[in-house]
Amino acid sequence: MSDQSPLALAHALIRCPSVTPEEGGALSFLAERLTEAGFSVERPVFSEAGTPDIENLYARIGTAGPVLVFAGHTDVVPPGEAASWTHGPFSGEITDGFLYGRGAVDMKGGIACMLAATLSFLDRHGPDFGGSIAFLITGDEEGPAVNGTVKLLDWAKARGERFDHCLLGEPTNPDSLGEMIKIGRRGSLTGRITVHGRQGHVAYPHRAENPIPGLLRLASALIAEPLDGGTAHFDASNLEFTTIDVGNPATNVIPASAKAVFNVRFNDDWTAETLGAEIRKRLEAAAGNAVRFSLDLQPSNSPAFLTQPDAFVDLVADAIAAETGRRPALSTTGGTSDARFIKDACPVIEFGLVGRTMHETDERVAVADLDRLTAIYGRVLERYFSS
């Protein structure tokens, strides 16, 4: 295989053990290939108290507009027990038409396709193609996401960098390549409810105040009615309780407090502030004067957002349809991604590989999908800079 093929590039990246926060050689590999292709490359390191230092990569070729950004992350989640894998998690084994390894789909495979498409595009057009291409790559997406894309964007802005559009290579397709583009993401808000009672002996309930019935009352109030009915591009917002805790191993003691944690994935009807106010209103109405509670809402850096379907969305969808024969759905489903940060810099959409095995043992990608995704990204580049 050519060392410029997406398979060769993905194989090399997978062999870099870049579990967050380790760089593992992945950014060094990208920097070398991009530098050889004529990009200016920088690798800023960002820090914050209580979090590990993270190395990032910013590369650009061209000085004119428009500027198309390819974005992604080289960090991966831990592989778990290596013995559970059919092939080593960082071996990059190629078997029966599949490339195995942690990050194969999330998202070293996607980065390899972006790089392969860009190198091929530059081979055809040279450095004077009527615009600029940038790579915005972090090593802190699977971790706290504190010293990664959000700070890399601030760093780039301070240097006068401006972007027109961004394509983020997250694995957006549920089952087969070409199914789905992400044009937005739901927001995420986490909260903790604590109901305050008074500890006592179960044989003397009149001397105690059991917080558990009150907590159940409040929890029921939050899920009794839907938060909304969905919007044009989003499903209805969804609140799920993730834990209810009393921390009481004794069977003859009424506990002093009871706690519950919930998470809401919310649509563009809400901001974190308006949603928090609605949750508090429902809790206060249910509590009345009978239940003493406190509500702690964790600060959210995950707002709901939407990139309005426009000419850029159509351009990417057309490239996908030309290569796969299907028109992708425009979706806002799934979890959060670094698109939530990029949206403040420029319009961003996401399209990458099939995510069925991401974060799993034996994560793998079809070699044919690497070739097809590279062809799609190549079509995007051709159409973007010709238009």
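Heads up, residue numbers simply count up from 1 along the chain you see.
The backbone N, Cα and C atoms fix where each Cβ goes, and this holds for glycine too.
Annotation source Swiss-Prot lists active site at D75, citing sequence analysis. The Cβ of D75 (active site) has 27 other Cβ atoms within 10 Å, all protein chains considered. Secondary structure at D75 (active site), taken from DSSP and collapsed to helix, strand or coil, is coil.
Sequence-distant neighbours of E141 (active site, proton acceptor) (same chain, 6+ residues apart, CB-CB distance under 8 A): T20, H73, D75, G148, T149, S337, D338. The annotation active site, proton acceptor is assigned in Swiss-Prot to E141 on the grounds of sequence analysis.
Sequence-distant contacts of E170 (Zn(2+) 1 binding site), defined as residues of its own chain at least six apart whose C-beta falls under 8 angstroms from its C-beta, comprise G72, D106, M107, G110, K182, S337, A339, E350, G352, G355. For H73, D106, E170, the entry in Swiss-Prot reads Zn(2+) 1 binding site.
Classification of H359 (Zn(2+) 2 binding site) by DSSP places it in coil, neither helical nor stranded. For D106, E142, H359, the entry in Swiss-Prot reads Zn(2+) 2 binding site.
Around the Cβ of E142 (Zn(2+) 2 binding site), the number of neighbouring Cβ atoms within 10 Å comes to 22. Candidate binding-site residues: H73, H359. Fewest other C-beta atoms within 10 angstroms, H359.
Annotated Zn(2+) 2 site D106, E142, H359; additional same-chain residues within 8 Å of its Cβ mean position, judged by their own Cβ, are V76, V77, G103, M107, M358.
Taking the mean position of the Cβ atoms of H73, D106, E170 as the Zn(2+) 1 site, the remaining residues of that chain whose Cβ falls within 8 Å of it are G72, M107, G110, E141, E142, G169, P171, S337, G352, M358.
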